[in-house]
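*Asks:* Before we start, here is the structure in question, set down as structure tokens.
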């Protein structure tokens, strides 16, 4: 008996360092893999701007077309830095970011709350379904002139347009997420003694979150389009206004700088949404194999 206990204790002593070593190796491997993935994601952007620079330099020598129409990235960096020193870029980025943040947050919040109510009250869903069928195919940009007539050219119509652009995709996808919950799963939970509240919070909401995030991803790109168009039509700040101002004074480099900044800003918001998705849906990563490994 003592020999068995001694053997088990030795096994435990050797297993603990081995487990720690495997954990350290796994963390190092994960960190290295993340670095490699980041480099792979950056390479296409670097190649794009390198090819653009080479093409612009060649065009500057052989004059296939006016070099002013497609300035080199090096010139964009020079003029963009000069523009940044004036504070215009910072003000434009801040104005556009605040509009997209508040509009997106308001639209998504109202959409989720309404989707919850529609999932709880079937009569409300029957009333709202024809309305959603009517407004879903209407481009939100078509409403901008109407919003300007109603509310002027201040901040409210811009934020309202972004909120509306966000509202419809998030609402439709979240409602579909609630509908896609298997009825057998709900009946099983009820048969095991779960309350209606527990079924809703533990089953229906987690099941609808993936659809909600899909709607958010779709609406993010549409919201940026609404943001830029609204700033181009009636604003005195923002990246859309910066494009219009550069067009009026034929500053092509400033137009390209604003366009690139729009892409960068969208990428940052998309990255934040992706990080939120990974945080909320961490349980979905890795599949069954990883789940079994964690249990072991």
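Please read every residue number as a count from 1 along the shown chain.
Cβ atoms here come from the backbone N, Cα and C positions, even for glycine.
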*Asks:* May I ask you to indicate which of 4-22, 23-41, 42-60 is given in TrEMBL as transmembrane segment?
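*Replies:* Here TrEMBL associates transmembrane segment with the stretch 42-60.
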*Asks:* Identify the transmembrane segment range according to TrEMBL, selecting from 188-211, 212-235.
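*Replies:* Within the set 188-211, 212-235, TrEMBL attaches transmembrane segment to 212-235.
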*Asks:* Is it true that the transmembrane segment (131-153) and the transmembrane segment (100-119) have 3 or more Cβ pairs under 8 Å, skipping pairs fewer than 6 apart in sequence?
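*Replies:* Output no: the transmembrane segment (131-153) is apart from the transmembrane segment (100-119).
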*Asks:* Using a Cβ distance cut-off of under 8 Å, indicate which of 42-60, 159-178, 212-235 has the most pairs with the transmembrane segment (255-276).
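*Replies:* Between the stretches 42-60, 159-178, 212-235, 212-235 has the largest tally.
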*Asks:* At a C-beta cut-off of under 8 Å, are there same-chain residues at least 6 beyond the transmembrane segment (159-178) that contact it? List them, or none.
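*Replies:* Beyond its ends, the transmembrane segment (159-178) has Cβ neighbours at 99-100, 102-104, 106-108, 110-112, 114-115, 118-119, 125, 132, 135-136, 140-141, 143-144, 147, 151, 204, 207-212, 214-216, 218-220, 222-223, 225-227, 230.
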*Asks:* Residues of the same chain, at least six outside the transmembrane segment (42-60), with any C-beta under 8 angstroms of its C-beta?
*Replies:* 67, 70-75
